[in-house]
Amino acid sequence: MRDLIVAGNWKMNGSQQFVGEMLLALNKASFSEPVNAVVFPPSVYLHEAIQQAKAVKVGAQNLFYEKSGAFTGELSASMISDVGCEYVILGHSERRAIFGEDDLLVAKKVVAALENHITPILCVGETLEDRDGGKYADVIATQVKVGLSLLSTEQTSNVVIAYEPVWAIGTGQTASPLQAQEVHELIRNLVAELAGIEVSHNMSILYGGSVNAANAQELFSQPDIDGGLVGGASLKVDEFLAICSAAAEVLKR
């Protein structure tokens, strides 16, 4: 059975007080089934979050692929591994759009994460222009193929993919469950072509476009959606807990 993951991307939000309050609430929470919840605080709070986290895992929002050197402001995979991160988000649409990251750069970061025993969440997704122009399948196929291009089959089996339709991030819009399922099935079939059916069948593919408490259960119930990469809703403790509860309900089936 594939892991069902609820990943909370805090982006550039939070404070020491927020970290403490959020993790205290998450540590106290109980669900009807064990939920694989991961939070991704800003890098300055990673150590503090890892020290406090009991019931959730902690990941980083980014890394750089070089091991060390004159790369001001960057964090290496070994650094985030050293403080205890188990996951890292790579290729997020905001990194691609604002910081100019391309598919090959993201692919190098994926390799660095895996070499340091960190699970990469490889983000892929189309813009509204791509969607309206009927090019979304080609765009996503390129992102998946290049993002996994430097990996062996064994390495690919340790990757998580997140589909994030760019037009649905932070807009309040969301892909319908059927739209999301269509793309998740496309991604799973692409992975099967690249790394084999077994790897594809066992890979967790998350949905990341305005997931909230109201739509989480229906989204997570789709056959190829294995949880969510949650943005704004992960900053509200009750909302994030409700999304985790929705995941637990899906696991009960």
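Just so it is clear, glycine is given a Cβ too, placed from its N, Cα and C backbone atoms.
Just so you know, TrEMBL annotations never went through curation; they're auto-generated.
The feature substrate binding site is assigned by TrEMBL to Asn9, Trp10, Lys11, Gly170, Ser210, Gly231, Gly232. Its own atom aside, the Cβ of Lys11 (substrate binding site) has 18 Cβ atoms within 10 angstroms in the protein chains shown.
Summarising the annotation, TrEMBL assigns active site, electrophile to His92. A C-beta separation below 8 Å, combined with a sequence spacing of at least six in one chain, links His92 (active site, electrophile) to Asn9, Gln61, Asn62, Cys123, Glu164.
A sphere of 10 angstroms centred on the C-beta of Glu164 (active site, proton acceptor) encloses 26 other C-beta atoms. Marked as active site, proton acceptor by TrEMBL: Glu164.
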Self-check item: Most crowded position, judged by CB atoms within 10 A, among Gly231, Gly232 as binding-site residues
Solution: Gly231
Quiz prompt | Same chain, 6+ residues apart, C-beta under 8 Å of the C-beta of Trp10 (substrate binding site), given in sequence order | solution = Val39, Phe40, Pro41, Pro42, Gln61, Ser234, Leu235
